[in-house]
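The feature Zn(2+) binding site is assigned by Swiss-Prot to His148, His152, His158.
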Amino acid sequence: MTEKIISEIILDLVFQCNDFSQFSNKLKDTKSKLIFESIFWEKVFLSWINIILKKKDYELPNYISEKKSFSLGLRIISNQEIASLNKKWMQKNGPTDVLSFPIISDESLNNLDHIELGDIFISLEMALEQSYEYKHTIYREMIWLASHGFLHLLGWEHNNENDLENMLNLQEYLITRLD
């Protein structure tokens with residue numbers, strides 16, 4: 001992770017991962033096994049927060065851009081669990097790859113010192129399928145999905161093609177800064 005990290009930033013990450021030992025034979029490289037480590041994700045999200053806060057060409061709500069303390073949740077779950085969340089909260093049937101549930105949405109948060117961003121849920125099974133489909137590693141796919149969910153927590157949306165292209169470009173930028 002080559003970005004210089006702003007030392008004042010504090011991140012409280014709540015990380016949970018189901019037991020996916022049945023997939024261990026599909027995770028042959030050392031880098032892919034990092035996706036099950038809390039400390040790995042903490043470094044990733046800290047790096048991304050620093051990048052976003054330092055780059056002035058990304059519009060952030062004031063209640064994010066002026067803060068130094070954040071928390072978020074990341075859960076790696078099964079297709080069954082994400083399908084249930086997808087049905088309950090998005091009114092869509094079946095599993096999806098990533099769901100984000102932002103907590104921040106109100107300017108009244110300006111007075112808070114610590115900002116709870118929300119929660120990201122990633123289906124490992126969908127990520128594995130997509131990594132095969134797109135011919136890249138599960139590590140790459142999980143980072144891609146996490147970056148997508150993270151940007152949603154910060155308020156990015158993709159309601160049209162231009163917004164989607166901008167969001168995907170920012171995801172790629174964030175990911176390339178990790179290597």
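Heads up, the Cβ atoms here are built off N, Cα and C, so glycines get one too.
Structure with Swiss-Prot features highlighted.
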residue: His148; record: Zn(2+) binding site; Cβ within 10 Å: 21
residue: His152; record: Zn(2+) binding site; Cβ within 10 Å: 20
residue: His158; record: Zn(2+) binding site; Cβ within 10 Å: 15
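Taking the mean position of the Cβ atoms of His148, His152, His158 as the Zn(2+) site, the remaining residues of that chain whose Cβ falls within 8 Å of it are Ser100, Gly149, Leu151, Trp156, Glu157, Met167, Gln171.
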